Amino acid sequence: MEDSDTSAILAEDSESVDSRTVCRCFRVTENKAPPPCSCPLSVTVEPVMFLSTFSIVLQAPLCTQYLWDRLSEDVGYNGTKTGGCNASTVHDPLQTEVETLTAHWSLYINLGGFLVGLFMVILLGSWSDRAGRRLVLIIPSLGLAVQAAVYLTVMYLKLPVFWFLIGRICSGLSGDFNAILAGCFAYVADTSERGSRTFRVAILEACLGLAGMFASIIGGQWRRAQGYINPFWLVLATNLTAALYAYLFVPETVTPDPQARLFSTRHHQAVCRLYSSDAPPGRRSKLWLYILCFFLVVTVHLGCSDLYVLYELSAPLCWGPELIGYGSAAKHLAYLTSLTGLRAMQCCLEDSWVALVGLTSNMVGLVVISVADTTALMFTGYGLCFLFMASTPVLRSKLSKLVDPAEQGALFASVACVEGLCSLVSSGVFNALYPATLHFMKGFPFVFGAAILLIPAGIIGGLGCQEKRESRENREGFGIS
């Protein structure tokens, strides 16, 4: 093939991509009413992500600790309050009973939220392709505010912990936090170029870590000083603020269609077409494999996160609220270190190998945490996980690049659905595995999680080699050295 022909082909491809990008830009910027207010800073959905994550991370360990305290009162256990939590009480039957009850109630609450929110996430995410992204940010924020209000009612009136499940279901009816994730990542896909998408996604995920770090530090100290109620008032206010910000400041990227209906089978059909179409050839298999990797990585992350507080509360660590807050802050600090590491590694490594480094960091950290019997060793495990979030931005970006611009909403709706499934599976597996393995190895679930991560590592490595080989063959076919 002549060099002139090669140049013409590449120019034509570039022109078609540019024209498609231009069309996309016009589609998302014209004929839409601007928000009531304009933000002077060059940010869009980042504050929504930050505020929603702040509320979730602030309430999650407090809910677990509240369940622990309420269930301890029910069975008459007061080991952590009287200083009885030490190495000699590892086999205390009351402590084991409280751990088991707390793990099971966490399972029931997460299961209830998942079953209700599963289909709502798909509906809301795909619906946003026609109705607009802002609604998918506002509705779940209001649902999370209702959940916080129910939790406050339980604490004020000392209602049975069953009412926590009711609050979780209320949040699930609005799409829960996963709908906010879907809306935010679809928004970034609308407004970013292919070359910069991985880093833009990583910035959005860094908002998760920054908010989580602040919430963890504040939550532990605040709960120790004033109990549970005041922090949950902040959770309520934060969710309302997120909804208000999305309404006032976030520009719309999709022209709203007045005919768009939320409850329609077309949303599920769009997702089915996305995963059944094999044009271009090979796309479908890559899409399924990357979704499988994403499912396994997020399942391990959520499953282990659910157990950290239980693991730290009981012997031999016996952490109080302050140390639990610092531990959660250290875990969320890894979001920021992962962002920095990802940016640095992109200078010399392809995205697939960046993801492998992140998975390796995660596996090593989990193994150390599984044998942690001192505070120093536990924080060492957290420190070794400093790149553990480098893999998920790569996976989201690769999935986004496999589909057309008009399919981004359906894609991230399905990804959000997978995240909901991850929440269910992680709760079912890890919260059941933890009490079942207490008698022979307390940290076994973390070793199990590290072993599971070997699967996505192998898949990502294999696909990375295949993509590199295909890229080399394409260059040779065009006569490009």
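Glycine residues also receive a Cβ, built from the backbone N, Cα and C atoms like all the rest.
As annotated by Swiss-Prot, H(+) binding site applies to ASP176, GLU205, HIS301. The topological domain 'Cytoplasmic' feature in Swiss-Prot is assigned to 1-45, 129-132, 175-197, 248-286, 346-351, 397-408, 462-481; the stated evidence is similarity to another entry. Taken from Swiss-Prot, the feature topological domain 'Extracellular' applies to 65-102, 156-160, 224-228, 310-322, 372-375, 435-442. The transmembrane segment annotation in Swiss-Prot covers 46-64, 103-128, 133-155, 161-174, 198-223, 229-247, 287-309, 323-345, 352-371, 376-396, 409-434, 443-461.
Here the features listed in Swiss-Prot are placed on the structure.
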residue: ASP176; record: H(+) binding site; DSSP class: helix
residue: GLU205; record: H(+) binding site; DSSP class: helix
residue: HIS301; record: H(+) binding site; DSSP class: helix
Task: Surrounding residues of the topological domain 'Cytoplasmic' (129-132) on its own chain - C-beta under 8 Å, 6+ positions past either end - done: 32, 252-257, 259-260, 262, 270, 406, 408-410
TODO: Go through ASP176, GLU205, our binding-site residues, and report the one whose Cβ sees the most other Cβ atoms within 10 Å.
DONE: ASP176
TODO: With DSSP as the reference, give the number of residues of the topological domain 'Extracellular' (224-228) in helix, strand and coil.
DONE: 3 helix, 0 strand, 2 coil
Task: Proximal but sequence-remote residues of the same chain as HIS301 (H(+) binding site) (Cβ under 8 Å, at least 6 apart) - done: ASN362, PHE388, SER426
- [ ] Would you kindly check 46-64, 103-128, 198-223, 287-309, 443-461 and say which stretch has the most C-beta pairs under 8 angstroms to the transmembrane segment (352-371)?
- [x] 443-461
Task: Secondary structure composition of the topological domain 'Cytoplasmic' (397-408) [DSSP: H/G/I, E/B, coil] - done: 10 helix, 0 strand, 2 coil
Open item on the list: Taking contact to mean 3 or more CB pairs closer than 8 A (sequence separation of 6 or more), are the transmembrane segment (198-223) and the transmembrane segment (376-396) in contact?
Closed with: yes
TODO: Please figure out which one of 133-155, 161-174, 229-247, 409-434, 443-461 racks up the most CB pairs under 8 Å against the transmembrane segment (287-309).
DONE: 409-434
- [ ] Among 46-64, 103-128, 161-174, 376-396, 409-434, point out the range having the most Cβ pairs under 8 angstroms from the transmembrane segment (323-345).
- [x] 376-396
- [ ] Report, as numbers and ranges, every residue of the chain located at least six residues beyond the topological domain 'Cytoplasmic' (175-197) whose Cβ falls under 8 Å of a Cβ in that stretch; write 'none' if there are none.
- [x] 21, 24, 28, 44-45, 48-49, 52-53, 56, 113, 117, 120-121, 124-125, 128, 133, 136-137, 139-141, 143-144, 204, 242, 250, 253-254, 396-397, 400-401, 405, 408-409, 411-413, 415-417, 419-420, 423
Task: Cβ contacts under 8 Å made by the transmembrane segment (376-396) with residues that lie 6+ beyond its boundaries - done: 185, 198-199, 201-202, 205, 209, 290, 293-294, 297-298, 301, 312, 317, 327, 330-331, 333-335, 337-339, 341-342, 345, 351-352, 354-362, 364-366, 368-369, 415, 456, 460
